[in-house]
């Protein structure tokens, strides 16, 4: 019976023949999610959510717990792998017009917001210098909200500064949010298979479909194998490549690091935040850098779905990718010229893409009409 169910699930799932490797990142994200939950559970068993013991408990996990170093590194580097996959997944959705499947896109964007919140809470848990100060800076942005800001910040912290109650609730949130992510991922997949996935040409996939198994399962397995290989290579040879040197010191509220910054996968949002000198303006720009993805399905005006046949939008898309990388790089630098100016220019171009999206569609439609 289970074998028959598997056949129904995979064998009879009709999928477009021409979907490329860029469509594999969904299954890779599922694998990353499973690994994060498993490694996270084993870490939670040994972790102590107390400001005096949290840092020591991480040291204990890496030194004394059998294979604890592997669990800790898999969890930390797995998070980076998760974000690499999700950013590629979103880029593919933008490039090939997958956002026109509105319900799937909106549930996916909600998933991204939940994932970013989970990763942020997780970054605070080791209670190192950068964990503490990144948490202080980011949560302090809530004070920019008029009238309610200070009350909300005090409520989130559980006091008048980041302390033991903050760490306890961040651990609780970091533990519970992945279950919400799993539930929403299931909904995301269900909504996707309501209409079926798109394809690189942006045409109706119903014309030419093949069973998911064995054709696409083997293609997925190849990419999964490559991802696991990269992950294990990084864990084995470069385990601290994504770590900040400041985070190897225990949190000290009396000593501020020279340059406070979050993990690399938040640097683009942090760079946009820093490029605006006003606190409320920066906080709004930070929120909009993610929330603006929600508007994309409603600003598509072109008669063509995929960017494969849209040269103007291709140019804009790759400009967006370049600005994303430039903002990420600039955010690692101190807040001084020329990095401030670079961040401001790149942030402006970043938001211009989303304003130009409907305009480029109208231009392309008119060019095709007159030809």
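Backbone N, Cα and C define each Cβ position, glycine as well.
As annotated by Swiss-Prot, heme b b562 binding site applies to 75, 174, with the evidence given as similarity to another entry. Residues annotated as heme b b566 binding site in Swiss-Prot, with similarity to another entry given as evidence: 89, 188. The ubiquinone binding site annotation in Swiss-Prot covers 193 and is backed by similarity to another entry. Residues annotated as transmembrane segment in Swiss-Prot: 25-45, 69-90, 105-125, 170-190, 218-238, 280-300, 312-332, 339-358.
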Integer Å distance between the CA atoms belonging to residue 75 (heme b b562 binding site) and residue 188 (heme b b566 binding site): 24
Proximity verdict for the transmembrane segment (170-190) and the transmembrane segment (218-238), three or more C-beta pairs under 8 Å: no
Contact call for the transmembrane segment (280-300) against the transmembrane segment (25-45), three or more Cβ pairs under 8 Å: no
In three-state DSSP terms, the structure that residue 89 (heme b b566 binding site) belongs to: helix
Rounded distance in angstrom between the Cα atoms of residue 174 (heme b b562 binding site) and residue 89 (heme b b566 binding site): 23
Fewest Cβ neighbours within 10 Å, where candidates are the binding-site residues 75, 174, 193: 193
Rounded to the nearest Å - Cα separation of residue 89 (heme b b566 binding site) and residue 75 (heme b b562 binding site): 20
Other CB atoms, at most 10 A from the CB of residue 89 (heme b b566 binding site): 19
Beyond the flanks of the transmembrane segment (339-358) by at least 6 residues, Cβ under 8 Å: 271-272, 274-276, 285, 288-289, 292, 295-296, 299-301, 313, 316-317, 319-320, 323-324, 326-327, 330-331, 333
Cα-Cα distance linking residue 193 (ubiquinone binding site) and residue 75 (heme b b562 binding site), given in Å to the nearest integer: 30
